């Protein structure tokens, strides 16, 4: 984990250093004494072989399981809107007696989930500050379950299903804030990027298995088509609640609440060492100094997020932009409407093609678990933006110029369709190893503890709002301009490349306290990869 780092409070032109010695003296009157900082100043949790991290990896996978229920929803809803029983119950009848979902109703059913997520992230994420990240996660999963029950109970009223989507979205919004937060505050710094990426890994697993379940139920003629996938998600949510009982609470939250012995036990459990280990004492020293610094600054407010004090505002803006740009890569164009898209390119069984996309997405995320800590956040984001832009140029150009050589009322070109599917798979590969996990990693690492949940809620809320806009308007836009829609996302990807270069700092290999120090110092993003903390600079001298 981290070395001892002196925390600082900026007050006007004065700089006050807050050392951990007073905190240690205070603790000696409250709980079992902790050795003074001088004995362990240079103690640090060293990097270990991967086998030594199996305990914390398993814990982080359980915390990240919240991403699975989100991914399952994304994977299943893309099939629901094309299933016969779903359209019969919640759609409208044509003059020939067949049923369909209008563009408006499809957009609302698919997109409203994201509005629920945005609202849930902004409101329910606060539970993590009140009751702890772990208990907060359990509460928001319960909200999600309520929404699932309402959807399962829907019979023929589309607005009942619509309401259930809003409520389940609120639960997922809370999960999206609390799950990466708890992982980032629990995982050792050497594998923190990888562990936070588990959240995206679980999303991709959920999408893939959701596609598979749709394929398995599509031949039924009744509500089994969509109620079975929803029922399975209910079971998965119950499993996550049970799993949270085995997960330790965030040591940083515990220190903030004065539960120092519990914090030491949490750190020791995550790192497979004893609570007396010098590195645990040094880590506690660092966390306590940082928490005390934030406590002296007073209670956090929403207004503080929009002030320049402590370089908070630039980080809030960066988080909003990163999460917005993740949606504007165009990934959900494929994930929400993949089945519809591949119907358009002439695939006989578009459900099978969606499964292929799910496999590519899931398998590629394993690559991201390696690259995020090997190459760093900035390089992965920059490379992902460039690669995905190229994929969209080819996908859209082929779709516009070659897919229908004899007109849209004639059969499509199989060769052109195959090229589009190949570049769709390549797009998903590049997305899965870059923007998919790292957008969550960046926001989970960038904020100080006292404003973290609120800042993350705003950032992730921006993601959900863009998700709604894309989910709702995509049917209308594709009806109007077809595959030229891809050029819009290509432009967004070009913008994202330059935004990352000029505004996103590298956080690879830094403790959360060091990340905060780097932002306070005002390090230029393109120079952040070589930045080292003040304490390390002093020790090297």
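Quick reminder: no glycine exception, Cβ is built from N, Cα and C everywhere.
The feature transmembrane segment, as given by Swiss-Prot for the ranges 308-327, 328-347, sits at 328-347.
The phosphothreonine entry in Swiss-Prot, when matched to the candidates 29, 217, 353, corresponds to 29. When the ranges 79-99, 163-183 are checked against Swiss-Prot, the one recorded as transmembrane segment is 163-183. Judged by membrane topology as recorded in Swiss-Prot, residue 71 sits across the membrane from residue 192.
Neighbour counts were taken as the number of other C-beta atoms within 10 angstroms of each residue's C-beta; across the recorded positions 82, 266, the minimum falls on 82.
Residue 82 (N-linked glycosylation site) and residue 266 (phosphoserine) have their C-alpha atoms 47 Å apart, to the nearest angstrom. Scored by C-beta pairs under 8 angstroms, the transmembrane segment (228-248) has its highest count with 50-70, from the stretches 50-70, 108-128, 163-183, 193-213. Ranked by Cβ pairs under 8 Å to the transmembrane segment (351-371), the stretches 135-155, 163-183, 193-213, 419-439 are led by 193-213. Mean predicted confidence for the topological domain 'Extracellular' (401-418): the pLDDT average there is 80. Taking every listed stretch (50-70, 163-183, 193-213, 380-400) in turn, the largest tally of C-beta pairs under 8 A with the transmembrane segment (135-155) is reached by 163-183.
Between the transmembrane segment (193-213) and the transmembrane segment (108-128), the number of CB pairs under 8 angstroms, six or more residues apart, is fewer than three, so the stretches are not in contact.
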